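Please read the structure below before turning to the comments.
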Amino acid sequence: MQQSGVPGSRGCALCPLLGVLFFQGVYVIFSLEIKADAHVRGYVGENIKLRCTFKSSSSITDKLTIDWTYRPPSSSRTESIFHYQSFQYPTTAGTFRDRISWVGDVYKGDASISISNPTMKDNGTFSCAVKNPPDVHHNIPATELTVTERGFGTMLSSVALLSILVFIPSTVVVILLLVRMGRKSAGLKKRSKSGYKKSSIEVSDDTDQEGDDCMAKLCVRCAECVDSDYEETY
């Protein structure tokens, strides 16, 4: 009787361990990980992409669903703005009517959407929920959207970049022309000191030199104009 009782006691002792392993196994099998940007900044009138990606341990089927919700600032009320299940179902009511577009790909784990013609009234919290049965338990990440007007500083930086793109190539061309002029001038001085008599070909080169001088002066003048425009811009 004692020998028969030992195996039974061991079996009972293993029950809790097996139970823990079983539940851990279920957790791993049915895990669904979702990621989204915590903060997104956009500008009025410019399309904004809200990124959402997911990883599922199960194969993608037509049972997969995606839901995007919106919650205004300082409010507990949420509204559905997009639903996906084999097809796209953007909201047909509310402030986001006809402004939500699907830009994701479920087979690549992408559940992103885009907002067209955003305004500052769109500021708030957006949540992305994905279910891919049997993976239904997951986190629900939230994205804080901030929409603002493009400020003067942003516009100024664009103007500055454009000015640099125009100024630098012009400066390089002028420098190359000046170097070429300097080399030709040094060669002519050496020849004049040695009493070298110019041939008809060299006379033709001098004519070309005069043309190059005029071109160089014109380029220098253009560079000065660019410099003056650059200074007026800033």
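Glycine is treated like the rest: Cβ placed from N, Cα and C.
Under the heading disulfide bond, Swiss-Prot lists Cys52-Cys128, citing sequence analysis as support. In the three-state DSSP assignment, the secondary structure recorded for Cys128 (disulfide bond) is strand.
Across the domain 'Ig-like V-type' (32-148), mean pLDDT in this model comes to 95. Per Swiss-Prot, the feature domain 'Ig-like V-type' maps to 32-148.
The annotation N-linked glycosylation site is assigned in Swiss-Prot to Asn123. Asn123 (N-linked glycosylation site) is surrounded by 15 other CB atoms, counting those within 10 A of its CB over all protein chains shown.
Marked as signal peptide by Swiss-Prot on the basis of similarity to another entry: 1-31.
The topological domain 'Extracellular' feature in Swiss-Prot is assigned to 32-158; the stated evidence is sequence analysis.
Per Swiss-Prot, the feature topological domain 'Cytoplasmic' maps to 180-234.
Residues or ranges marked as transmembrane segment by Swiss-Prot on the basis of sequence analysis: 159-179.
Counting only the Cα atoms, the space from Asn123 (N-linked glycosylation site) to Cys52 (disulfide bond) is about 18 angstrom. Note on the domain 'Ig-like V-type' (32-148): DSSP counts are 6 helix, 63 strand, 48 coil.
Within the same chain, the residues at least 6 positions away from Cys52 (disulfide bond) whose Cβ sits under 8 Å from its Cβ are Ile34, Lys35, Ala36, Ile66, Trp68, Gly104, Asp110, Ala111, Ser112, Ile113, Cys128, Val130, Pro141, Thr143, listed in sequence order.
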